[in-house]
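Feature annotations, courtesy of TrEMBL:
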DOMAIN    55-444  domain 'Major facilitator superfamily (MFS) profile'
TRANSMEM  89-113  transmembrane segment
TRANSMEM  120-141  transmembrane segment
TRANSMEM  147-168  transmembrane segment
TRANSMEM  205-233  transmembrane segment
TRANSMEM  268-290  transmembrane segment
TRANSMEM  302-320  transmembrane segment
TRANSMEM  332-353  transmembrane segment
TRANSMEM  359-378  transmembrane segment
TRANSMEM  390-409  transmembrane segment
TRANSMEM  415-437  transmembrane segment
Amino acid sequence: MSAHSQRSSRAGSDGDLAALEQAPYAEPAIASPSLEERSTVQAPQGTFASLHLPEYRLFFFAALISNSGMWMQSVAQGWLVVTLSRSEFYVGLVGFCATVPNLFLSLLGGVLADRVDKRWLLIVSQVLLGVIAGALGLLIFVGRIQLWHLMLLSFLSGVVGALTNPAFQAIVPEIVGKRYLMNAIALNSAQFNLTRILGPTIGGALLNLLGTAAMYFANALSYFVFALAMYVIRPKYPPQHRAAYSDGIVNSLLAAWRYVWSHGLMRVVVLLAVVQTVFLFPYTTLLPVFAKEVLHAGAMGYSMFLTAMGVGAFIAALMLASIGDTPHKGRLMITAQLVFAAAVTVFAVSRWLPLSMLALPFAGWGMVTYMATGNTLLQAIVTDDMRGRVMSIWVLAGLGMMPVGNLLAGALAAWLTPTIALVLGAIVTVILTLLAVRWEPSMMRPQVFTPES
């Protein structure tokens, strides 16, 4: 997503340090003054409850436009790289340039988010990303684009995105408060997965009609739209405390790691996210291999795989938005992780296309259900002054670990077979997930985070 997997993952909430020292079997009961919900006579309910809030509604539709622009550029960029290089290697290399900053800079982005105004950090970053996309579009339009331009500017986009993604995650609870946190995070995931389904189709049609440069200009415009929306938005629940500048970057990061590790629930949520990213999510990288060499479904089959996965992810997001702030977040996450592993196993061993297609929506459902619920749970616990750094650890567990998982899956697929690579990953995931439940039984207990009114 170059700079936009970065956009995809945007949401948040809060907690109190004293609650982090509770007994292992105690039910968390955390209320953060900065995110308390003011009492209302009739609070909006239902799947789209958060959209009744004007500030979030603007945020949601701006992100929808922004993500649509990202997918349009993504389609054009893949085609452009192949045209310029006639090599699949460079397609991967440009993608690597855009995503590798997440591995090294996400934590620094968390420090930034805790020290500066998240809203202005996002405004500046979106303007910079828009300028980069516009510059690429101009180079294409005048016929001067070269591969090194794409690699350099994709890397710069990745740097900006990595430094601001934690702020994007952490600003949502400042907009919606705790009452609508899970609903807002789920709706964010829904709009992203909707654009993932529709964006490539629309982008492909417009690419033929308007050309490659237009896709980059459209994405640049979408960045500016989001920047303008953030300028207009005024968060209703701003943080009461920010991290001190005097702490130093290294000390700030170490404090965040100690903070997460000291709370059993947070620790397990993050570690299981790493497990999912490294051992399960790489199945998406191997989808083309299964489409071409295992199931002999061709390019159309690969497209169908992506759509099926996206449909499951979209359904999961709408389901989470509908159920709202369930107290059974931990139980839901464990279920999702096991469903994800089972779906990947079925897909890996299947040699019948309809069965493979049936498994992929469950994989998409499990992935989004775990990640969206985990995001909500962390943000319901974390204190304001730690929010950005904890979200940066969450981003590192997801986006940052993707290159590791893809490398491992690729090596196992080449050494053994793609089927064995995916099945081994699923088995390891199930074992580690069950061990995590035994290690931290509170994952299966209700987690209640009641906003004070």
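Placement of Cβ uses the backbone N, Cα and C atoms for every residue, glycine included.
All annotation found in TrEMBL is predicted automatically rather than curated by experts.
Highest Cβ contact count with the transmembrane segment (359-378) among the listed stretches 147-168, 268-290, 332-353, 415-437 falls to 332-353 (criterion: pairs under 8 Å). Averaged over the domain 'Major facilitator superfamily (MFS) profile' (55-444), the predicted model reaches a pLDDT of 89. Remark: the transmembrane segment (268-290) makes no contact with the transmembrane segment (89-113), by the rule of 3 or more CB pairs under 8 A.
Ranking 89-113, 147-168, 302-320, 390-409, 415-437 by CB pairs under 8 A with the transmembrane segment (332-353) puts 415-437 at the top. Between the transmembrane segment (89-113) and the stretches 302-320, 390-409, 415-437, Cβ pairs under 8 Å are most numerous for 390-409. The largest share of C-beta pairs under 8 angstroms with the transmembrane segment (147-168) comes from 390-409, of the ranges 302-320, 390-409, 415-437.
Counting same-chain residues at least six beyond the ends of the transmembrane segment (390-409), those with a Cβ under 8 angstroms from any Cβ of the stretch are 5-6, 9, 12, 96, 99-100, 102-103, 106-111, 113, 162, 165-166, 169-170, 256-257, 259-260, 266, 270-271, 273-274, 277-279, 281-283, 285-286, 371, 374-375, 378-379, 382, 421-422, 425.
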